[in-house]
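Student: One structure is given below, represented as structure tokens, and several questions about it will come after.
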Amino acid sequence: MKKLVIALCLMMVLAVMVEEAEAKWCFRVCYRGICYRRCRGKRNEVRQYRDRGYDVRAIPEETFFTRQDEDEDDDEE
């Protein structure tokens, strides 16, 4: 029973770590006042956008497509 509880705790910790790792690769790309979001990018995609002169900011996946986010985009345009 004790081993089962420990195994379940480890699985929960791993699940949280995977979610956080996935969220790191969501980012917002801005160029000449136009911003859009990328969530399914590859790891090196952030570097490629930066090299091209884009303003790249990491955004946690939970904040995507909320009303507040849309209002911020309207202010920038």
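Easy rule for this one: first residue shown is 1, then count along the chain.
Cβ atoms are placed via backbone N, Cα and C, with glycine included.
Quantities reported herein were computed from a predicted structural model and do not represent experimental measurements.
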Student: I want to verify the bond table. Which candidate from CYS26, CYS30 sits on the other end of the disulfide that Swiss-Prot records for CYS35?
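Tutor: Disulfide pairing in Swiss-Prot: CYS35 with CYS30.
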Student: Report which of ARG40, ARG52, ARG67 appears in Swiss-Prot with the annotation arginine amide.
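Tutor: That would be ARG40, per the arginine amide annotation in Swiss-Prot.
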